[in-house]
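For reference, TrEMBL has these:
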DOMAIN    86-267  domain 'Malic enzyme N-terminal'
ACT_SITE  109  active site, proton donor
ACT_SITE  181  active site, proton acceptor
BINDING   252, 253, 276  divalent metal cation binding site
DOMAIN    277-541  domain 'Malic enzyme NAD-binding'
BINDING   420, 470  (S)-malate binding site
Ligand SMILES: NC(=O)C1=CN([C@@H]2O[C@H](COP(=O)(O)OP(=O)(O)OC[C@H]3O[C@@H](n4cnc5c(N)ncnc54)[C@H](O)[C@@H]3O)[C@@H](O)[C@H]2O)C=CC1
Ligand SMILES: CC(=O)C(=O)O
Ligand SMILES: [Mg+2]
């Protein structure tokens, strides 16, 4: 029961039952409060002599932690510091990030998390998450079952480590992207940090450097593919569904060949989501909708070139195509004519070899391109797009001549270099704005500072803010909505609803100011997640996908219902219980499942 008097499925307030005492309690990151344990808690939980006498507030702890963080020499050292803090005291860790989200977002996520992943086996101190091994398929169910009981897990992020954040195959270091995405679900959307599961499917690696590295911690062999791989994925999905029937499964950073195949296979059956395909598609469509509004154009006017037609590029194409088709009342095939995909061979035409099923829907007739150059510059000159998206991992691919060619055809070129990390961006905002005399509407895959230039009336200096167009704007809210309404599936309509939720909160639209960011920034992220979750839940209810029975219908009440179930970084009083008398929720919190099993396991 909560302050609104409702019975909520998720408890986020009031005392926490705990059967742990002494050093065991101090070493449990979910329950540990360090110097903030009250004198009663010190007495009841056997902590006397284990802590210095002064009792501090969370705010005092945050101040000390911030000073320690700031004294670290570089971003990777800051990332490592935060990882250690997460292992010690989760409330403090999340509070520190929440209070300094603008500053720390890029340290716990892209680009710095990419460096941490590349150095996983060197920085390793202690494991976090579930490591499932392609040669131990028979143990998958058992190994997962050690983590929690049926009601304890809401959200799973799983990767196979093949295509991490634009830095390629990182083998078992990929576990850190599962962990980082889950950190964002908590920071941005209040997903309960003790009810999540990060998973890596270790199938080997094709990264030669890792294979040669004596310190590499993963399976030291080439990636296993084919039937054995599919069997591992299938065993994982089925076991996770059986063991944790409430859990939503988020697929992250699978390779090009597998990402969409896996999504297409499981999407009709379970509540699952691929962030690189769907999350990226949703946030990019939201940025495009905001930019079109600024340019006084409709979706029907859109002409888009996507450079890098892989997982993210085609995911964006699909999301935009479906939106054009719905808004214009035209078929998807017709809508696809407004989108051009360019990849290594240049423009994708029907005669390009080895097109994937998803790419084929956008392939242009070979005749149209006979005798013409097929590179990005020629495609820009031919297609005269108003939107150019980069998901190629090719740094500086959007050259001055390409950008000027685009700007010569349209008033406000919408340019979205999305490849991560920062060094792989297809162009940097300062160049894009300089080459287009401040006309380009820009959003980027990683954060950038605002750009100043003489683009105001009469050449006056103005500052243009750059939105971060990263799936992190949207996936936490989609997950939160799906978890709270206990969605059976994540449907297209739920995703469109999420896009609308983000687009309407973009400062450029809200403030009617073209120099403001196209998308809401990290500072507003929890409000964005509430809005996205509300839209997703309402769409799920309309589609008959929501199984939770107590969902309020009124917008404001629904927002409050969502907020009340969002986990917040604050200490809850601890109440001692004997392990035998602990509630199932408390047992879940203490993760007693695996630790009380017998020796055979
Ligand atoms: N901002 C965001 O929210 C997101 C950004 N990304 C970024 O997008 C990039 C791509 O990621 P994925 O689609 O997952 O990778 P992917 O490997 O599936 O796709 C990359 C595509 O670029 C193509 N490509 C490579 N070199 C090229 C060249 N010289 N010319 C033309 N095309 C070329 C590849 O053939 C491939 O089709 C990464 O940098 C990733 O970090 C991915 C997901 C979300
Ligand atoms: C942002 C993200 O998911 C990626 O770069 O893979
Ligand atoms: Mg990703």
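The backbone N, Cα and C atoms fix where each Cβ goes, glycine too.
A map of TrEMBL features onto the structure.
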residue: 109; record: active site, proton donor; DSSP (3 states): coil
residue: 181; record: active site, proton acceptor; DSSP (3 states): helix
residue: 252; record: divalent metal cation binding site; DSSP (3 states): coil
residue: 276; record: divalent metal cation binding site; DSSP (3 states): helix
residue: 420; record: (S)-malate binding site; DSSP (3 states): coil
residue: 470; record: (S)-malate binding site; DSSP (3 states): coil
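The number of other Cβ atoms within 10 Å of the Cβ belonging to the residue listed as 'active site, proton acceptor', over all protein chains shown, comes to 26. Only 252, 253, 276, in sequence order, out of the recorded positions 181, 252, 253, 276, 420, 470 have a CB under 6 Å from ligand 3. Using Cα positions, the member of the recorded positions 109, 252, 253 nearest to residue 470 ((S)-malate binding site) is identified as 109. The predicted model assigns the domain 'Malic enzyme NAD-binding' (277-541) a mean pLDDT of 96. The divalent metal cation site is defined by 252, 253, 276, and by the 8 Å test on Cβ atoms against their centroid, the other residues of the chain that qualify are 159, 163, 164, 165, 177, 181, 251, 254, 259, 274, 275, 311. Distance noted between the C-alpha atoms of residue 252 (divalent metal cation binding site) and residue 420 ((S)-malate binding site) is 14 Å.
Between residue 181 (active site, proton acceptor) and residue 276 (divalent metal cation binding site), the C-alpha separation comes to 12 Å. In this structure, 276, 420, 470 are the recorded positions from 109, 181, 253, 276, 420, 470 whose C-beta falls under 6 Å of some atom of ligand 1. A straight line from the CA of the residue listed as 'active site, proton donor' to the CA of residue 420 ((S)-malate binding site) spans 11 Å. In this view, residue 252 (divalent metal cation binding site) is surrounded by 28 other Cβ atoms within 10 Å of its Cβ, with every protein chain counted.
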